[in-house]
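Asks: Below is the structure I would like to discuss, written out as structure tokens.
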């Protein structure tokens, strides 16, 4: 049977594609005159998957996710999953100054009040999923990224912008059967730090730089400039989440041959779809 999907306001850009694979539950979502959210589920069922990304406006989309969970429970749904393509507050995963919250922990606990299972895409720190009281899984779209770039890279290589992102580069490289490595920072003077790729020769090769989030794009631009100096042929940049600061798309695009992100957040360079991963969750029903 087809799974029942609920599309939140933060995932409207995925609605058309998802509707081809599953039944959409009819819900009414609007605002009261004072700005508060109104949610009403217009159908009945037993199990449902809510899809709600929590990019800007983050707080509004998070509240809506909670209201959808409560409304579905009131409507008689007994098992609820939520897919959050981009989870807000996920980078606030530790206390850096006394008196701060662990914001992502608070979000996880609230979601756990209504949802049995939580699925996120390429969360900043996968260990934070331990705060969710039910089943929680991190999905990394390595296959989708690899399939998009396979005909562009040839016998190229995959690079992570730092060691922390190496696992992402590894997973894409393994799908493509290509070499992978990462950049490291080398201090060349008391005031200057230089990035360099570790143990790989990029001269004459196409290179794909892989990361989880692009915001300002400064790291990617710096990495691309270094690769140019080292003789790289074509340079591609990809991230799961395009959290672009103003002007970032233009700046990064000028520095590389192509910039692409997935559609966890809708942007003008969201060229890689995550919908197949979401649909597979429904097929397990």
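Each Cβ is built from the backbone N, Cα and C atoms, and glycine gets one as well.
Remember, predicted model here, so these are calculated numbers, not experimental data.
Annotations for this protein, taken from Swiss-Prot, read as follows:
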ACT_SITE  185  active site
BINDING   34, 35, 36, 91, 92  ATP binding site
BINDING   124  Mg(2+) 1 binding site
BINDING   162  Mg(2+) 2 binding site
BINDING   187, 211, 215, 216, 217, 218, 219  D-ribose 5-phosphate binding site
Asks: With H, G and I counted as helix, E and B as strand and the rest as coil, say where DSSP puts residue 211 (D-ribose 5-phosphate binding site).
Replies: strand
Asks: Relative to the Cβ position of residue 211 (D-ribose 5-phosphate binding site), how many further Cβ atoms are located within 10 Å?
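Replies: Taking all protein chains shown, residue 211 (D-ribose 5-phosphate binding site) has 23 Cβ neighbours within 10 Å.
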Asks: If you measure from the C-alpha of residue 91 (ATP binding site), which of the binding-site residues 124, 216, 218 fall inside 10 Å?
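Replies: Neighbours among binding-site residues, in sequence order: 124.
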Asks: Which one is it: of the recorded positions 34, 35, 36, 162, 185, whose Cα lies the shortest distance from the Cα of residue 215 (D-ribose 5-phosphate binding site)?
Replies: 162
Asks: Work out how many Å separate residue 36 (ATP binding site) and residue 124 (Mg(2+) 1 binding site) at their Cα atoms, rounded off.
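Replies: Their Cα atoms are separated by 30 Å.
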Asks: In Å, how long is the longest CA to CA span across 34, 35, 36, 91, 92, which the record gives as the ATP binders?
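Replies: Site span for ATP, by Cα atoms: 31 Å.
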Asks: DSSP secondary structure for the residue listed as 'active site', reduced to helix/strand/coil, please.
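Replies: Where the residue listed as 'active site' sits, the three-state DSSP reduction gives strand.
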Asks: Just the number: how many Å between the Cα atoms of the residue listed as 'Mg(2+) 1 binding site' and residue 216 (D-ribose 5-phosphate binding site)?
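Replies: The separation of the Cα atoms works out to 16 Å.
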Asks: Provide, as an integer number of angstrom, the distance between the C-alpha atoms of residue 219 (D-ribose 5-phosphate binding site) and residue 162 (Mg(2+) 2 binding site).
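Replies: Between the alpha carbons of residue 219 (D-ribose 5-phosphate binding site) and residue 162 (Mg(2+) 2 binding site) there are 10 Å.
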Asks: Cα-Cα, whole number of Å: residue 216 (D-ribose 5-phosphate binding site) versus residue 35 (ATP binding site)?
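Replies: With the alpha carbons as reference points, the distance is 31 Å.
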Asks: Just to verify a number: CA distance, residue 92 (ATP binding site) to residue 162 (Mg(2+) 2 binding site), in angstrom, no decimals.
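Replies: Here the two Cα atoms are 20 Å apart.
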Asks: Taking each of 34, 35, 162, 211 in turn, which of these binding-site residues have a Cα lying within 10 angstroms of the Cα of residue 185 (active site)?
Replies: 162
